[in-house]
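S.K.: Here's a structure for you.
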Amino acid sequence: MNPQLNNLTLPIYMDYQATTPIDPRVMEAMLPYFTTKFGNPHSRSHSFGWEAENAVEEARSMVAKLIGADTKEIIFTSGATESNNLAIKGIAKFYSNKKNHIITVVSEHKCVLDACRHLEQEGIKITYLPIKPNGIIDLETLKNAITDQTMLVSVMVVNNEIGVVQPLKEIGKICREKGVFFHSDIAQGFGKIPIDVNAFNIDLASISGHKIYGPKGIGALYVRKKPRVRVTPLINGGGQERGMRSGTLPTPLIVGLGMAAEIAYSEMEKDTKHVNYLFDRFLNNIHKRISEVYLNGDKNQRYKGNLNLSFAGVEGESMILAIKDLAVSSGSACTSASLEPSYVLRSMGIGEELAHTAIRFGIGRFTTEQEVDYAVNLICSKIDKLRELSPLWEMMQEGIDLKKIKWAVH
């Protein structure tokens with residue numbers, strides 16, 4: 001049983017970029033499709049199949065509506081990792097006899113970078129664009145990187161580690177003018193910030209269910225129909241999902257994703273106000289009480305559900321142990337098992353000391369003001385204690401530049 005403190009249940013969940021709790025309304029919508037409405041949506045000869053198919057198509061239209069897409073442009077997958085792989089490898093395989101170059105960004109999610117590395121082994125040329133110290137790409141650098149051999153540009157909308165929002169509209173405009181396909185991993189922005197695939201000229205977009213209060217194991221790939229985008233499937237079989245993704249569709253999970261998208265569509269404004277208020281409260285109160293705390297990533301051009309903070313003079317891992325009543329992360333959930341400093345922070349030019357002290361705090365739909373205040377009090381008291389014990393902090397206070405120290409190796 002979790003301990004309770006003045007109606008506050010501990011530990012407090014603050015890792016909304018890793019996953020989100022399922023919204024009770026989503027759970028309620030899914031349950032009948034686990035029990036009485038169990039039909040296969042591909043069974044065309046009886047009412048069990050028709051009922052499941054109707055539910056799938058209704059969910060498909062809800063997902064499409066949230067990004068201004070046509071219902072037929074939504075392909076269901078197992079999640080954003082599969083969607084990213086299908087988009088990048090699928091385009092590369094289909095168009096490789098005409099073009100052989102893809103552009104992405106050094107700070108993309110691991111699955112995008114690894115899909116690109118896989119293609120490099122197959123002879124595709126990949127350009128990894130750098131990011132500025134605020135985490136945003138430079139549009140001129142992108143323009144200059146595009147050649148007549150470029151088939152695809154892949155840039156995520158909201159970074160999973162630092163929360164910065166890339167200028168998708170401008171990127172889409174450049175890609176359309178140059179005749180290059182534009183893919184975006186929108187998993188962290190879908191349902192949280194306004195995204196319009198037509199206004200942004202996006203050709204492919206990857207979506208995840210469990211980042212928007214839906215179930216795990218379900219996602220989608222938006223694939224533009226006009227002008228038509230072709231991808232070679234990764235999974236072959238019964239030819240479901242316009243031949244791009246074979247396999248029996250998991251009706252309950254799809255219904256959950258659809259319901260999560262519907263709620264996000266109607267409550268985005270409310271959620272945004274709530275998250276922005278808590279972000280400002282959290283950051284302002286931390287800054288009032290402790291010095292040398294740095295927000296990683298652009299303060300304004302970001303999704304404010306993400307606070308990635310570096311605490312000078314404190315080791316990130318010891319900080320996480322000290323604040324064990326807060327469920328937080330020291331990088332993306334996929335790579336936080338490694339003690340290497342975050343590759344995203346390093347690519348922003350952040351030094352090893354501050355990169356090692358970075359912690360990502362996530363705020364979401366169910367975070368309360370009371371939880372934020374508890375978190376701030378806990379963080380400030382623990383930082384003070386850890387800094388008292390830290391020889392590095394003492395040296396910094398004496399004006400010693402830690403970068404210039406030659407550490408002896410024993």
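Note that Cβ sites are derived from N, Cα and C of the backbone, with glycine treated the same way.
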S.K.: Determine which of Q149, Q166, Q188 appears in Swiss-Prot for the same pyridoxal 5'-phosphate site as A80, T81, N160, S208, G209, H210, T248.
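M.R.: So the pyridoxal 5'-phosphate site in Swiss-Prot includes A80, T81, N160, S208, G209, H210, T248 plus, from the candidates Q149, Q166, Q188, Q188.
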S.K.: Could you state the CA-to-CA distance between K211 (N6-(pyridoxal phosphate)lysine) and Q188 (pyridoxal 5'-phosphate binding site) to the nearest Å?
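M.R.: Between the Cα atoms of K211 (N6-(pyridoxal phosphate)lysine) and Q188 (pyridoxal 5'-phosphate binding site), the distance comes to 7 Å.
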S.K.: Would you work out the biggest C-alpha to C-alpha distance among A80, T81, N160, Q188, S208, G209, H210, T248, the residues that bind pyridoxal 5'-phosphate according to the record, and give it in angstrom as a whole number?
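M.R.: Among the residues the record ties to pyridoxal 5'-phosphate, max Cα distance equals 30 Å.
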S.K.: Using a 10 Å cut-off on CB atoms, tell me which of the binding-site residues T81, N160, T248 is the least crowded.
M.R.: T248
S.K.: What's the most sparsely packed of the recorded positions H210, K211, counting other C-beta atoms within 10 A?
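M.R.: Relative to the other recorded positions in H210, K211, H210 has the fewest Cβ atoms within 10 Å.
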S.K.: Just counting, how many other CB atoms are there within 10 A of the CB of S208 (pyridoxal 5'-phosphate binding site)?
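M.R.: Total other Cβ atoms inside 10 Å, all chains included: 28.
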